[in-house]
Amino acid sequence: MLRYLLKTLLQMNLFADSLARDISNSSELLFGFNSSLAALNPSLLPPGDPSLNGSRVGPEDAMPRIVEQPPDLVVSRGEPATLPCRAEGRPRPNIEWYKNGARVATAREDPRAHRLLLPSGALFFPRIVHGRRSRPDEGVYTCVARNYLGAAASRNASLEVAVLRDDFRQSPGNVVVAVGEPAVMECVPPKGHPEPLVTWKKGKIKLKEEEGRITIRGGKLMMSHTFKSDAGMYMCVASNMAGERESGAAELVVLERPSFLRRPINQVVLADAPVNFLCEVQGDPQPNLHWRKDDGELPAGRYEIRSDHSLWIDQVSSEDEGTYTCVAENSVGRAEASGSLSVHVPPQFVTKPQNQTVAPGANVSFQCETKGNPPPAIFWQKEGSQVLLFPSQSLQPMGRLLVSPRGQLNITEVKIGDGGYYVCQAVSVAGSILAKALLEIKGASIDGLPPIILQGPANQTLVLGSSVWLPCRVIGNPQPNIQWKKDERWLQGDDSQFNLMDNGTLHIASIQEMDMGFYSCVAKSSIGEATWNSWLRKQEDWGASPGPATGPSNPPGPPSQPIVTEVTANSITLTWKPNPQSGATATSYVIEAFSQAAGNTWRTVADGVQLETYTISGLQPNTIYLFLVRAVGAWGLSEPSPVSEPVQTQDSSLSRPAEDPWKGQRGLAEVAVRMQEPTVLGPRTLQVSWTVDGPVQLVQGFRVSWRIAGLDQGSWTMLDLQSPHKQSTVLRGLPPGAQIQIKVQVQGQEGLGAESPFVTRSIPEEAPSGPPQGVAVALGGDRNSSVTVSWEPPLPSQRNGVITEYQIWCLGNESRFHLNRSAAGWARSVTFSGLLPGQIYRALVAAATSAGVGVASAPVLVQLPFPPAAEPGPEVSEGLAERLAKVLRKPAFLAGSSAACGALLLGFCAALYRRQKQRKELSHYTASFAYTPAVSFPHSEGLSGSSSRPPMGLGPAAYPWLADSWPHPPRSPSAQEPRGSCCPSNPDPDDRYYNEAGISLYLAQTARGANASGEGPVYSTIDPVGEELQTFHGGFPQHSSGDPSTWSQYAPPEWSEGDSGARGGQGKLLGKPVQMPSLSWPEALPPPPPSCELSCPEGPEEELKGSSDLEEWCPPVPEKSHLVGSSSSGACMVAPAPRDTPSPTSSYGQQSTATLTPSPPDPPQPPTDIPHLHQMPRRVPLGPSSPLSVSQPALSSHDGRPVGLGAGPVLSYHASPSPVPSTASSAPGRTRQVTGEMTPPLHGHRARIRKKPKALPYRREHSPGDLPPPPLPPPEEETSWPLGLRAAGSMSSLERERSGERRVVQAVPLGAQPLGAQRGPHPDAALLGCAAEEAWLPYGRPSFLSHGQGTSTCSTAGSNSSRGSNSSRGSRGSRGPGRSRSRSRSQSQSQRPGRNRREEPR
């Protein structure tokens, strides 16, 4: 109601706003609305309206035109929405909306509609309605504008509802990766429209993509390589217009593979010395460490693994040599680091070299023999030279210096320059030793010149603690005196740190950091002096000692004597030639000059001369100069060339003041450059700074040179700076991870000045920029579960540092098959084991430096073969099982399975309920039996007489007096169906006769019938060996005769005289037809017994014992039984005498199972009298051949119908003592006469009642023994039978139905009514032509029952009828009469004349 009021108010407001804006528009709107109505119904238009015939169109009228088209909308459920539509036309068109072709009802037309049509024509939805089953607002809408001139339609606009379900189709799962590995978290969002957008959150922070590392594609969160900081809780977020959904949190666990902080190193120790291998690792989770020896066991008793995981071995011996490996592993990965141990004996001299003095041109040899373990290597070195002489290596073309394989040094044709100390060194892995000897040359002197330094000290980089020799070999005459100074400080000979030898060599035994600096060798004599400068500096840890020379490694030989070619006042031009015997190539030349006018020393006047000719400028005029030339090579300066001849410059001008010819060179030599510590600015970039001391006015620029440290032969890379004031520069493009040596040299007008000591700086490492080379994958030893991955290091230019380790991945087609390993930097292969056979793997290798992991190699595919005894089927099935498991875990499958199980459970419950209900409905069928006779009309050919067909010879055909619903015996396919049946399947339920006798009385009657005679002329044929009779078989011990020729004849005629009013046969209808036995009724019915065979047993009636506990159970109906009537007189029944029995066997009464009324018992008879059913003779009764007497005067019913067509009285027939067997008919209903006294007790053996199991839930299909007895044929005479047929045939169906009204007659005690009230002349007796005395009718004619024929039933329904009425149980004293289920008892009794009299047997 509230919603309706809101809609109404909204409509009113909209309409009021429209009126306020434009009243004329409202009138036009009204006009348009009326026009649209008229367009829809032309009868509404006034006569002559132009919209009827189109002949009167206004000059300004126009057809509608859509000017604003409705757009496509996607809206959220529950939100308002508007589909705009505006149209033009005159008169103003009316707007209508259509959805999917159907007109849309708005609130203007239907107050219940939730859509509103706005004055502008727009369709307004206050709230979009959308559900799982009902989606009324979603669809395709069309706006139609109409006036009398026509209509215009808009475009089709779709309105879609945004939907976003709650459940994610796949929620992200926890992921565990190692640092550096890729990680993928998958998420499939819930279904929605529009398709939801997927984003990710870490905690509460939205993730953003990082180029090259974090990518979000299709709901997947992909990380190319993970960091430790990536660990955390991640959520998948799906959003669209309908809202936002967050998945459950998934954890990303980033573990760290073991990595070494300190690795074990290779160690060489002497025997009996201890050794310690360090190993320190980190990882997450904390790795476990253990040690192993690759080629043996750890030395027992001498090793110890300390708390810091280091391996300590004491007193090592040669047996301990080998490789020791530290193994660290955790759940993420495994890492190994190895160190080797070597135990050696240091080398020792066997023969040492001795000093020798020879003349120039002679040959000389120095012996040097050593020993050690392993054997040491021997090499020679001339003191002060960097050249090493190894065995079998010729250093000069003529081979003057040669070392033999035994270590002997041989010098041929000794020259003056060969003099000096020669050092023999023996080196092995255990250590090194050396010894030296002096070679002196006789007659080598120069007179009148300052000392000449033949070989001076070289610049050296030394390791702290090492020994160093600084040679200073000088010639001169007189013999010069050699002195040393360090950093401009003279060294004294008594200094314990420095040892000044006799030949001028300075020896420093164990150099310390304080010993580093500038050293100068000064040779002085009386004529002059000579100076040679050099420096020493500390070698850093990264430094490397120079290796053996691979080519000529000695300095170039001395050039030839320089020759003066041109002389001026200020310059001299010199020419020389290189030494042809030099083993090394001269790269440049240095020119030295001496002039007594300039001083008493040799000075360098030119440096870096590239050609063999040079012009020395800046000389003083008219001055004598001497020159010598030195060659410069990769291994240092050569010895000086022979001194040139003296040369004097020209005299230019006597007035010009004399100038110092060495002023420029001397000034640059005094400029000192001091380097500062370089600064790393970035990758591959270094800033170099320096300071300048001395005469800076002579400096015109600087030369900055650098090279990779450890390569003394490496070339320098130079950068010239032309600015004298710039004292810093930036070096770019430096190799990563390398140690760089840098030096600075000043530049002036006269050339280059002194060099600065070089400094060393490390360039930061970078991750390798190139992948490892030659990656290959080979199958392992087992060839189906392991592979070996091998590789080579990256190219040197791509390493960018020292390779510390390699990362190797072996990736399967799923993340759970991924494996990874790490290997040391020196390793070249690794083996993966435990792989799955048949799986395809990709192998990748990446090198790593301290800066990180570099570029991985291209994947190399390898597929492991299946084992020989295995096939790929299990693998495929395993994969299929895994895929099925994934499908089973999907929410959609679980929801569908739950729905299916629920539907099955619901169906099962419904079936169970229906079955229970049917059981309840059929519960009375389980313990009851009934039959409903129906009217049948015979065919003439079936009733023509005894000659055309046997009297009972229906054969396999059905009985015409039985309803079609009565089960018939089996027939052959050729048997014909009985014709003339009426109402075969739907008998009138009102035409049933109910017997209220309880089950207890029924059982009691059955027990009494076991040894009693029958109750009337109704016969019961029971197969004593039938299946259903086994229940009651114990109650008939006298029926155990095995004679197959005997028949059972019973039911004396005295019992047939009871009036119908005294026969209260009551019944109940069977639920369904049941199967008939294979035996037909004509085969089972015996001829009627004579009346003389019956006798009356006497004795008081005895109440059945144990009946109360059986009242709720009803046994199955016997296979074939006939209704039994009770006698109406108080006379006792007479048992048949054997002598009066016309039958071949004696007949004994057997209680009919079709009645529930107790009957007098029969006296015990011999068991041989009762044959089994299958032993009875199949005799055909003949027609009547002797006069018959009917036991009752009237044969028609009270309704005027012949006997057999109505519920008339039961007749009793007596067979005459004729040898020809007679036939008898039975009444259609079962009647009995109940006396006022108790039923006489049974005589003889009490029938033992066998209780039938109660386990049967219901009985739809009854066995042959469950059938109620069929009615016997009606009595007839030759003259009365046609009449009976005519009466039956002349009745209409309506009359027959009326004749079927139920009449339940109360049993009246004997003597309670006068005989005349009980019996009287039957109104139809004359019609049938029957005499008052009893007569016999021929037996064998079929009886035709009316449609309303009564039935008898045993019931266990929860009513009084289940326990029986007083009358059905028998009255006891004051017990009243039985109940009546039909019309009044008085009316029923008044219509029946009293016929109760006792018939004596004839």
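Each Cβ is built from the backbone N, Cα and C atoms, and glycine gets one as well.
The compositional bias 'Low complexity' feature in Swiss-Prot is assigned to 543-552 (among others).
Swiss-Prot lists 1178-1191 (among others) with the feature compositional bias 'Low complexity'.
What Swiss-Prot records for 1215-1228 (among others) is compositional bias 'Low complexity'.
According to Swiss-Prot, the feature compositional bias 'Basic and acidic residues' maps to 1294-1304.
Residues or ranges marked as compositional bias 'Low complexity' by Swiss-Prot: 1358-1371 (among others).
The disulfide bond annotation in Swiss-Prot covers C85-C143 (among others), and the record cites sequence analysis as its basis. All protein chains considered, the CB of C85 (disulfide bond) has 27 other CB atoms within 10 Å.
As annotated by Swiss-Prot, disulfide bond applies to C187-C236 (among others), with the evidence given as sequence analysis. When Cβ atoms from all protein chains are considered, those within 10 Å of C187 (disulfide bond) total 25, not counting its own.
The C-beta environment of C326 (disulfide bond), restricted to residues of the same chain at least 6 apart in sequence and closer than 8 Å, consists of F260, R263, P264, F277, C279, V281, L289, H290, W291, H309, L311, E336, A337, S338, G339. Swiss-Prot lists C279-C326 (among others) with the feature disulfide bond.
Here Swiss-Prot flags C368-C424 (among others) as disulfide bond. Residue environment of C424 (disulfide bond) contains 27 other Cβ atoms, counted within 10 Å of its Cβ in all protein chains. For the recorded site, C424 (disulfide bond), the DSSP three-state label reads strand.
The annotation disulfide bond is assigned in Swiss-Prot to C472-C521 (among others) on the grounds of sequence analysis. In the structure as shown, the Cβ atom of C472 (disulfide bond) sits within 10 Å of 29 other Cβ atoms.
Here the domain 'Ig-like C2-type 3' (258-342) has a mean pLDDT of 91 out of 100. Among the features that Swiss-Prot reports, domain 'Ig-like C2-type 3' is placed at 258-342.
Feature annotation from Swiss-Prot assigns domain 'Ig-like C2-type 5' to 450-531.
The feature N-linked glycosylation site is assigned by Swiss-Prot to N25 (among others).
If you look up Swiss-Prot, you'll see N34 (among others) marked as N-linked glycosylation site, on the strength of sequence analysis.
The feature N-linked glycosylation site is assigned by Swiss-Prot to N53 (among others), with sequence analysis given as support.
Here Swiss-Prot flags N156 (among others) as N-linked glycosylation site. Every protein chain shown contributes to the tally, and the Cβ of N156 (N-linked glycosylation site) ends up with 15 other Cβ atoms within 10 Å.
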* Asked: For C368 (disulfide bond), what is the secondary structure state per DSSP, taken as helix, strand or coil?
  -> coil
* Return the member of C236, N410, N459, N813, N820 nearest to C85 (disulfide bond) in space, with distance defined Cα to Cα and candidates limited to these recorded positions. => C236
* Structure fact -> Quick note, C368 (disulfide bond) and N410 (N-linked glycosylation site): C-alpha atoms separated, nearest Å, by 11
* To do: Please classify the secondary structure at N820 (N-linked glycosylation site) using three-state DSSP.
  => strand
* Structure fact -> C85 (disulfide bond), DSSP three-state class -> coil
* What is the nearest of the recorded positions N410, C424, N459, C472, N820 to C143 (disulfide bond), using the Cα of each? -> N820
* Asked: According to DSSP, how is the domain 'Ig-like C2-type 3' (258-342) divided among helix, strand and coil residues?
  -> 3 helix, 47 strand, 35 coil
* Using DSSP, break the domain 'Ig-like C2-type 5' (450-531) down into helix, strand and coil residues and give each count. => 3 helix, 39 strand, 40 coil
* Asked: Whole-number Å distance between the CA of N156 (N-linked glycosylation site) and the CA of N459 (N-linked glycosylation site)?
  -> 94
* Asked: Within 10 Å of the Cβ of N784 (N-linked glycosylation site), how many other Cβ atoms can be counted across all chains shown?
  -> 16
* Of the glycosylation sites listed as N355, N363, N784, the one whose CA lies nearest the CA of C521 (disulfide bond) -> N355
* Asked: If you draw a 10 Å sphere around the Cβ of N503 (N-linked glycosylation site), how many other Cβ atoms fall inside it, taking every protein chain shown into account?
  -> 17
* Where the distance is taken from Cα to Cα, which of the glycosylation sites N363, N503, N784, N820 turns out closest to N410 (N-linked glycosylation site)? -> N363
* In which DSSP state, out of helix, strand and coil, do we find N363 (N-linked glycosylation site)? -> coil
